[in-house]
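Colleague: Quick one: the structure is below, and I'll ask about it shortly.
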Amino acid sequence: MAFTSANAVDLDTGYLIEIKGQVQGVGFRPHVWRTAVSLQLCGDVCNTAAGVRVRLLCSASECDRFVQVLLQRLPPLARVEQLRTVALAADVLNAIAPGFQITPSAIGEAEATVPADAATCVECLAELFDPTDRRFRYPFINCTHCGPRLGIIEGMPYDRVRTTMSAFTLCPTCAREYADPSRRRFHAQPNACPDCGPRLWLETGKGQRLEADDPFVLLAAALAQGQIVAIKGLGGFHLCCAADNTSAVRRLRQRKQRPAKALALMFRDLAHMRTHVDLDPEEAALLTSAAAPIVLCHPDASRPSTGISAEVAPDSAYLGCMLPATPLHHLLMAAVDGPLVMTSGNRSGMPQVIDNEMARCQLGEIADLLVFHDRRISHRVDDPVMRIQANSGQAETVRPGRGLAPLHLPLPPGFAATTEVLALGGDLKNTFCMVNGGQAILSQYLGDLQSLAIHEAAIDTRQRYRQLYRHRPVLVVCDRHPGYHSTMMAQTIKAERFLQVQHHHAHLASCLGEYAYPLAGSAVLGICLDGTGYGKDGGLWGGEFLYGGYTGVERLASLRPCALPGSAAAVREPWRVLVAQLLAAGVDPASTADIWPWLAAHSLETIERMIAQGVNAPLTSSAGRLFDAMAAALECYAEAISYEGQAAVALETLALRHGGSSEVVPYRWALLDTAEGLQLDSRPVWRQVVSDMRAKRTPAEMAMAFHLGLADGLAELALRLQQDHPYDTLVMTGGVMQNALLADRLEQLLNDAGIRVLRHRQVPCNDSGLSLGQALVALAMLQREGGDDA
């Protein structure tokens, strides 16, 4: 936190204190009021477009004491990033009223931190289930420490009149709470009660309104009967069903058109969750944090799997688990016996539904019952997904969403804070990033832009952010891929400058930015592993060793390229990549009929001709395709996948079934010194795979050997590169680093070698982190003399 101390001046003076950070919508002004009153100071406090402004009539020592006390016990959701004090002019001093006041917000150029939504706090939860409380069982209870924020905000500064709660006039009792500094709801903008706030009702999928004394009893009965329910939450609708009802889960998958991708689970509380999964203290703390994310947890192997259908996560070794984040969900979970499947309310390939009428149209065909309320959702925000990294015990964001977005990061040292930048990310797992007022602002996960509906929703979300922050980009940035929807989108935005940043360079920069790595810092090595990224040479990269920093990188090494027969078809059909890898290793696929008899059903000769003639068979150094090929070899979705990364997820799951790794002999990769640089060569691996298949080595052991061997090979190559390109910091990035088995082992090997490893935590390693990296690279290029491309 930056802090500028008050300069000593004569008494009978006053001070202006400007505070930036997460200080709006989190009970910060009431905290300032209480602090000032406790110290018997006169003055006022208000929200501004940049944060919070405090004016005090006091001496320099009293001002310093006020700041000290203010920062000692911040409200739970508050975060102070910058604090500056200056002496007030005499004419301003005379205008300050006696006592200490909270005054109306001052509107100006927006720099303030938009607050994230926060899960129901302990105090509100106690009131929710207290029969003597006037908000007993009220589904929209909240206070300054919890409740909707981003989901209802329409403008800054954050005041009720600029939220969707402006439609609800406070009743006299709520108004007294709002105005009473001694109360927890003092200036709580979403404050409401059953007399004056949002209301809930139920409808059938056919639009018939249902009357019930207790709607949650009716919902529990419907769920117990195997029905599917749509629920309007903080940032959008959920679809839910009983997690132990396999037919209900299958029906949900069929209607949602999501055949295999894992579904999240909601549990009543931690005790309930512990009956199904292993929880370490770090995971428990993450689950009960204000973000209340979905956390990837290991099922409890010591207990039978009754209570959760195998259809919930058929490919994954993990269960995505969460606790209720809203009072509505708490009331629902209190009414049911077991965990519920809780997934985003949309058809596959469509944005999450946030509007009541759209829910009737789209979700009425999926859900048997729909739970509506009349508080309008301003921003579509899906549930966040996180995990705990094994080596560090630190949380890692997989998908930024409710409670985590928007993410505000100060620009690293050396970056100028004057240029407003808009970076549009990539086409998969899209986010955007705005640079505004010395900070980078990363949006929530928006989805995959190949869908026209998601593309349009992303544009709408971006426009809402630009209005919130009054952002006028001077520089627009996107990926180098000429066919990306985000690239074409960027070219339609009016700005003074337009830059394109190479995909893996952006991955590396996003991790550096998260750690505030200085612009002038020494060169780092980045291991960038993902499915595909458009290379500087126009090729399909995806297994890269990049050396440099924000302003530029050099490609020192890569995975040995292999053909991708059928191009995009090979991404959907892993058997094609297996055939290409076998041919590259000198193995005739036709000779493996004893191992993979199903390969004979495909036209192997056609694939071989495509590769030999270079017809629709581009070379790629993609790490993701290696996982696909190995998954196909072990018959994990060899024929076709239904979602991105499905084969790789199944391969990691298979490896983890083997248990320990100490007795597994890893596959050995080769290092090649070529004209294009060093290459990690997989050909010896494929020859060994053929031998192991014939020797009947178990698939689980082979999957483990693949993961261990790849980590060993990557670490060996990284250390080899250090001989000619000195570095002491290494970045692990790219979507393949979501594979915890691979990433944890690689990190441990590098740490053991004395290398400082930077691994994504707040910013996803997958393409949801690209936009931050794009923005930082483009800014760095602008600051470099004569640099106009990245």
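Cβ coordinates come from backbone N, Cα and C, glycine included.
Not measured: the values here are computed from a predicted model.
So TrEMBL says this about it:
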ACT_SITE  Arg29  active site
ACT_SITE  Asn47  active site
DOMAIN    14-104  domain 'Acylphosphatase-like'
DOMAIN    213-403  domain 'YrdC-like'
Colleague: Return one of helix, strand or coil for Arg29 (active site), based on DSSP.
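Modeller: Going by the DSSP assignment, Arg29 (active site) falls within a helical segment, counted as helix.
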Colleague: I want to check the contact list for Arg29 (active site): same chain, sequence separation of six or more, C-beta distance under 8 angstroms. What comes out?
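Modeller: Long-range Cβ contacts: Val45, Cys46, Asn47, Val52, Ile102, His187.
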Colleague: Which residue counts does DSSP give the domain 'Acylphosphatase-like' (14-104) for helix, strand and coil?
Modeller: 30 helix, 34 strand, 27 coil
Colleague: Starting from the Cβ of Asn47 (active site), draw a 10 Å sphere and report how many other Cβ atoms land inside it.
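Modeller: Taking all protein chains shown, Asn47 (active site) has 25 Cβ neighbours within 10 Å.
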